[in-house]
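As given in TrEMBL:
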DOMAIN    1-78  domain 'FAD-binding FR-type'
BINDING   Arg36, Tyr38, Val53, Lys55, Phe58, Met71, Ser72  FAD binding site
Amino acid sequence: CASFRFALPSEDQVLGLPVGKHIFLCATVNDKLCMRAYTPTSTVDVVGYFDLVIKVYFKGVHPKFPNGGQMSQHLDSL
């Protein structure tokens, strides 16, 4: 697993997402839109950013998923 910190649009903004809720991250991966839901691990009152803990599924590791996780590999490359 890897920890990722994302800045919010303004330094005084809070995500305000209650426990158990999720956000969607979108990215263009290999010329296709990829969208995944993640639950933030930071507390609801943290100002200016939010954290996600994501398991990175690498290509070629599991025979059932030969390409791995597109979004997790994309985030790991940032």
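Just so you know, glycine gets a Cβ as well, placed from its N, Cα and C.
Heads up, TrEMBL stuff is auto-annotated, nobody curated it.
Sequence features, as recorded in TrEMBL, placed on the structure.
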{"residue": "Arg36", "record": "FAD binding site", "DSSP class": "strand"}
{"residue": "Val53", "record": "FAD binding site", "DSSP class": "strand"}
{"residue": "Phe58", "record": "FAD binding site", "DSSP class": "coil"}
{"residue": "Met71", "record": "FAD binding site", "DSSP class": "helix"}
### Task
Can you tell which of Tyr38, Phe58 has the least company, meaning the fewest other C-beta atoms within 10 angstroms of its C-beta, among these binding-site residues?
Phe58
### Query
Here are the binding-site residues: Val53, Met71. Which has the lowest count of other Cβ atoms within 10 Å?
Val53
### Query
In sequence order, which same-chain residues at least six apart have a C-beta under 8 angstroms from Ser72 (FAD binding site)?
Ile54, Lys55, Val56, Tyr57
### Task
Tally every other Cβ atom lying within 10 Å of the Cβ atom of Lys55 (FAD binding site).
8
